[in-house]
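What follows is a single structure, written as structure tokens, with notes after it.
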Amino acid sequence: MALLIDGKAQARALRATVADAVRRLGTHQGLVPGLAVVLVGDDPASQVYVRRKGEHAREVGMRSFEHALPAATSQATLLERIARLNRDPEVHGILVQLPLPAHIDPEAIIHAIDPAKDVDGFHPLNVGALAVGGEGLAPCTPLGCIRLLESHLGELTGKHAVVLGRSRIVGRPLASLLLKKDCTVTVAHSRTPNPAKICRQGDILVAAVGQPGLVQGDWVKAGATVIDVGITRLGEGDSRRLVGDVDAACVSRVAGALTPVPGGVGPMTIACLLHNTLIAACRQHGLPEPDGATGPMAPRDGLPLTHPHG
Ligand SMILES: NC(=O)C1=CN([C@@H]2O[C@H](COP(=O)(O)OP(=O)(O)OC[C@H]3O[C@@H](n4cnc5c(N)ncnc54)[C@H](OP(=O)(O)O)[C@@H]3O)[C@@H](O)[C@H]2O)C=CC1
Ligand SMILES: Nc1nc(=O)c2c([nH]1)NC[C@@H]1CN(c3ccc(C(=O)N[C@@H](CCC(=O)O)C(=O)O)cc3)C=[N+]21
């Protein structure tokens, strides 16, 4: 049986590291990192995530600014709100919860966020920095996947990693991070013929497609490390549950290790968001990033990113 990789415990440990660094920043620099989360509309799942982000931010000693705007908010109003957060010295990280209502262009919103405060790593400047292997802010879910992989495997160099899915939030940035870790990377998607055959080649397999139970036992190499990013809500009332993209019952008989859903990548995403906020606050104040806070993605071939806060 595959070992279960405990994302909840690792997220707790990462939050403790962040809390420690935040305490030291407060004591020695008088600096309190601040995270602003903007939610437009009343999608219940998004409300849950936004609330949890705020709770965890406060728990690690950060300031949390939650901006809940009605679904009918105009794009211009949202842009004004972002401009204000960009100028606010108490705000070091800004996250606009996606998806946005259909009348708002997400590209325009992402573009408007100061890249130095873009703790989601979605701004083109950060996307570009990651694509060329440089320094910037990387997206939280892929960072969480890398942490979980390294916790289980140690060194990732030379492993063949197969990424199923190519979205801007997960698949693409994860492929870049895995390349930075010297993996051999294959990206498969909805137009890939015979994805099972491709997936079976992976020493590492990451499923990020949003198709419950798509990955079956015969998609997985014996002993492989499998990361299940997918989260789909199934059922109503008492039978409500979250399911991943991996059919855990059969895959756990083949894989060496597997992340559960829930309790795998999800909690790591939020812990990495707090970590990114800590990094952003340090950089905006020209401070070295605290020990252990640079995490697994410390720049190696550092292409410095210039940003308005120097
Ligand atoms: N745990 C966490 O923290 C997070 C979890 N998620 C979850 O991860 C999942 C993916 O999210 P996200 O990346 O945003 O989703 P998207 O819908 O944006 O992207 C899905 C990707 O999967 C590909 N795909 C879809 N169906 C198949 C298939 N049958 N075979 C192969 N590839 C397929 C798509 O291909 P194509 O490009 O060709 O359309 C696309 O690249 C969702 O369940 C989401 O809820 C997302 C973010 C964070
Ligand atoms: N701008 C933006 N950035 C995001 O990072 C972002 C986003 N928009 N939109 C939605 C997705 C999804 N996402 C998750 C975060 C935490 C859990 C999480 O904590 N999951 C728990 C369970 C949660 C539950 O019980 O519902 C778990 O898997 O154990 C899941 C998913 C971040 N996203």
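Glycine is treated like the rest: Cβ placed from N, Cα and C.
Database features, via TrEMBL:
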BINDING   Gly165, Arg166, Ser167, Ile231  NADP(+) binding site
DOMAIN    5-120  domain 'Tetrahydrofolate dehydrogenase/cyclohydrolase catalytic'
DOMAIN    139-284  domain 'Tetrahydrofolate dehydrogenase/cyclohydrolase NAD(P)-binding'
REGION    290-310  region 'Disordered'
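The binding-site residues listed here are Gly165, Arg166, Ser167, Ile231; among them, Gly165 has the most other Cβ atoms within 10 Å of its own Cβ. Between the two most distant C-alpha atoms of the annotated NADP(+) binders (Gly165, Arg166, Ser167, Ile231) there are 16 Å.
Across the domain 'Tetrahydrofolate dehydrogenase/cyclohydrolase NAD(P)-binding' (139-284), DSSP helix (H, G, I), strand (E, B) and coil residues number 59 helix, 28 strand, 59 coil.
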